[in-house]
Amino acid sequence: MIAALILGLITGSFTGVICYRIPRNESIIFPGSKCDRCAVKIAFYRNIPVFSFLLQHGKCHRCGIKIKRSYFILEILTPVLFLILYFSHGFSIIFFYKAFVYSILLAASFIDIETHIIPDRFFIILLITGFLYSVLRNNPENWFLGAASYGLPVLLLYSASDFINKEIIGFGDVKLICAAGGFISYSGLKNLLWFYEILYISAGIFSFFLIFFRKRTLKCYVAFAPFICFSVFISEVYL
């Protein structure tokens with residue numbers, strides 16, 4: 001359990017690096033982490049997941065600029081998710097596969113929130129790893145059925161945008177749902193409908209509160225990837 005927690009903390013911290021650097025077309029390996037404002041290099045002892053943020057009160061130790069809370073949230077969510085997977089699967093191939101997929105989904109979610117874009121590389125990585133895992137499990141048919149059945153409804157919805165001259169859903173969301181469907185795999189119409197119910201109800205409730213508290217208007221963009229990630233988790237773990 002401790003190993004899963006530590007792995008989750010490290011992965012969450014690295015996912016934060018991915019979320020920052022990929023939209024800026026920067027290497028996710030080099031150079032090391034530094035402050036956006038004063039460019040001071042962050043020493044390893046100031047880059048400990050969760051604890052460094054709390055000890056530094058969410059600020060750079062030199063210039064005092066606030067560190068984005070999204071990094072802290074990622075460093076909390078990821079180990080919690082890894083613990084859930086550990087209790088379900090132990091340290092197995094399934095654990096590492098699902099941990100990888102959920103890390104990609106989390107990265108896509110936070111990048112979508114910040115930039116309103118879901119990088120294509122996430123879609124490609126999810127498709128390839130999902131297919132390879134299905135081959136390893138001798139069940140590529142279910143992967144294909146999952147990707148097709150989950151992706152088709154939103155593809156039709158996306159196509160309908162041309163007829164009403166209004167974007168209903170982004171193509172990045174369509175691709176992400178398709179890849180996520182391959183991960184979930186097809187297990188019947190009931191689970192497929194549950195996925196879409198969770199997806200649109202959660203997104204609808206969130207949007208309602210944003211509008212109610214006047215944080216957004218009906219015409220404002222709402223990142224859809226976080227709701228896709230949430231729906232995949234509920235569908236895959238609990239249904």
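Cβ atoms here come from the backbone N, Cα and C positions, even for glycine.
Curation plays no part in TrEMBL annotations; they are all automatic predictions.
So that you can see what the record holds, here are the features copied from TrEMBL:
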- 6-87: domain 'Prepilin peptidase A24 N-terminal' (DOMAIN)
- 70-87: transmembrane segment (TRANSMEM)
- 100-201: domain 'Prepilin type IV endopeptidase peptidase' (DOMAIN)
- 118-136: transmembrane segment (TRANSMEM)
- 142-161: transmembrane segment (TRANSMEM)
- 193-213: transmembrane segment (TRANSMEM)
- 220-238: transmembrane segment (TRANSMEM)
Quiz prompt | Same-chain residues at least 6 beyond the ends of the transmembrane segment (118-136) whose Cβ lies under 8 Å from its Cβ atoms | solution = 22-23, 93, 97, 100-101, 104-105, 107-108, 111-112, 142-143, 147, 170, 172-173, 175-176, 178-180, 182-183, 185, 225
Quiz item: In the same chain, who gets a Cβ under 8 Å from the transmembrane segment (193-213) while lying at least 6 residues past its ends?
Solution: 150, 153, 184, 220, 222, 224, 227-228, 230-232, 234-235, 239
